[in-house]
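Visitor: Per Swiss-Prot, the features are:
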- H73, H102: heme b binding site (BINDING)
- 16-151: domain 'Globin' (DOMAIN)
- 1-15: signal peptide (SIGNAL)
Amino acid sequence: MKFLILALCFAAASALSADQISTVQASFDKVKGDPVGILYAVFKADPSIMAKFTQFAGKDLESIKGTAPFEIHANRIVGFFSKIIGELPNIEADVNTFVASHKPRGVTHDQLNNFRAGFVSYMKAHTDFAGAEAAWGATLDTFFGMIFSKM
């Protein structure tokens, strides 16, 4: 059964076309230099995500946005996401790393869906997302589908 799930995950990641991958990478290149803005959008979309981080729990998002700890954490998250985008379609190891660190923390599917929504909202506001929406949809469906199958 585990082999079947692994095979399906690999097939899903491999199903991304070269054009989809190129489109996603090009649009992400336009925003990856704003990790604080991306993390802010995600936390704003779902404060329960921010509450999962002990250094931010119970704090006002507006007051921590410009702080060094927030910037450091934003760089980590967006850096990891940059790694995933750069390695498309070969993301199985990154998915395993993500699941290994997030499953024990009790991260829910709803929170991951809300992370996705916050990220997409940021992309729509900062890029020509309409031209990349189908490629992003396929990529995010693949990424989160792989995660959900393991969590």
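Every residue gets a Cβ built from N, Cα and C, even glycine.
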Visitor: Please report the number of other Cβ atoms within 10 Å of the Cβ of H102 (heme b binding site).
Guide: 17
Visitor: For H73 (heme b binding site), which residues in the same chain are close in space, meaning a Cβ under 8 Å from its Cβ, but six or more apart along the sequence?
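Guide: H73 (heme b binding site) has long-range Cβ partners L39, F53, Q55, F56.
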Visitor: Look up H102 (heme b binding site) in the DSSP assignment and reduce it to helix, strand or coil.
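Guide: SS state of H102 (heme b binding site) = helix.
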Visitor: Mean pLDDT, the domain 'Globin' (16-151)?
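Guide: Average per-residue pLDDT within the domain 'Globin' (16-151): 95.
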Visitor: Within the domain 'Globin' (16-151), how many residues are helix, strand or coil going by DSSP?
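Guide: For the domain 'Globin' (16-151), the helix, strand and coil counts are 100 helix, 0 strand, 36 coil.
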